[in-house]
Amino acid sequence: MGTGHYFWALFYFASLCSASLANNAKINFREKEKKVLDQILGAGKYDARIRPSGINGTDGPAVVRVNIFVRSISKIDDVTMEYSVQLTFREQWTDERLKFDDIQGRLKYLTLTEANRVWMPDLFFSNEKEGHFHNIIMPNVYIRIFPNGSVLYSIRISLTLACPMNLKLYPLDRQICSLRMASYGWTTNDLVFLWKEGDPVQVVKNLHLPRFTLEKFLTDYCNSKTNTGEYSCLKVDLLFKREFSYYLIQIYIPCCMLVIVSWVSFWLDQGAVPARVSLGVTTLLTMATQTSGINASLPPVSYTKAIDVWTGVCLTFVFGALLEFALVNYASRSDMHKENLKKKRRDLEQASLDAASDLLDTDSNATFAMKPLVRHPGDPMAMEKLRQCEVHMQPPKRPNCCKTWLSKFPTRSKRIDVISRITFPLVFALFNLVYWSTYLFREEEDE
């Protein structure tokens, strides 16, 4: 009999255990989530218009920690001074009114897709020009509520932001573009934004930009004071370095080639007027077109840019080569005029000599007394004149190499061409030395 009671007691206990396991296996946690949401967000239980309390339930400002993940940067526009970025924006704060039972750790968090169900910080991007959310296939947004009342808000957005630029060193410049986030209505007495500790800003790996390189980024605070109060503000500064190789190939090398081509006219014959004029005008118009194309891709700023100095000097060299031919042409015509005058003078002298010889031939009876040009040994006047001549005589000067070399070219026009062949390249090389040393040094200083 005792053995029978023991058997039935063991059987009853096994039945209870199996029933309990069966009940636990049939628990619908999605149903539990619904009940929890109804409990914490039900009508009359939660008011989304009231901000959460401060740290540890105090009456201080609500603290919202922010972090962002930069997914892509599509463009940086120099003309409109703006850039476009796509990012995942996250905010996290604690609202003790949203605490719930996690059913012994089985409910890790609750997920919402309707942001208006809970209180939300009134954050806005102060330097935003345009922006939109992403709704394909579903709205890219979620809210997670954790058992301790912590709330995580995450959303994917695309923004076009203002980026004031200083283009004095363009295209050897670096630009700092900021992303500013601030509270619109809540002052620092009610709401404070802080960067998330650890890694507040993340950037996608292999971020590719066509003309820039993202060197680094810095996070900071930018609280602003107005006549309505002080407002919390966060900012992240993105430092971009312009890729110079594109501008070297598209601008600097073509301009150098145009300047060098304009020097070809110095080697052409001075009489080849059509060839030299067409070459000079063509290179000048091409250089002007190149300069106009460069300026069309930049905003009209009031200061001089590095690219303006380069194109201006190159345009001056091309224009100088054209003016050099005008000078050569003028010198050539002047040389021809002088040569014609000398020829006429020689013809007149020859005609006068011929007339004199004719007169001598006709007056054959005329006699002339010629005094010999011989110095007598005892003549004191002759000795004095000889001493004066010896005193005024000077030793021969050393020949000037430049004058000796230029004397090989008899005409002024040819000398101008020869001097230009040397002067123009030397001055252009000196300009390059000064230009690159100046702007590269200033770039290092800015860095």
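Every residue, even glycine, has its Cβ placed from backbone N, Cα and C.
Taken from TrEMBL, the feature domain 'Neurotransmitter-gated ion-channel ligand-binding' covers 34-242.
Among the features that TrEMBL reports, domain 'Neurotransmitter-gated ion-channel transmembrane' is placed at 251-348.
Residues or ranges marked as transmembrane segment in TrEMBL: 6-25 (among others).
Taken from TrEMBL, the feature transmembrane segment covers 244-268 (among others).
Feature annotation from TrEMBL assigns transmembrane segment to 309-332 (among others). Same-chain residues lying 6 or more positions outside the transmembrane segment (309-332) and placing a CB less than 8 Å from one of its CB atoms are 251-252, 255-256, 258-259, 262-263, 265-266, 270-271, 273, 276-277, 280-281, 283-284, 287-288, 290-291, 294, 411-413, 416-417, 420, 424, 428, 431, 435.
According to TrEMBL, the transmembrane segment annotation covers 422-441 (among others). If you look at the transmembrane segment (422-441), the same-chain residues 6 or more away from its ends with a CB under 8 A from one of its CBs are 169, 172, 259, 263, 266, 306, 309-310, 313, 317, 320-321.
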Counts by DSSP class (helix H/G/I, strand E/B, coil) across the domain 'Neurotransmitter-gated ion-channel transmembrane' (251-348): 84 helix, 0 strand, 14 coil
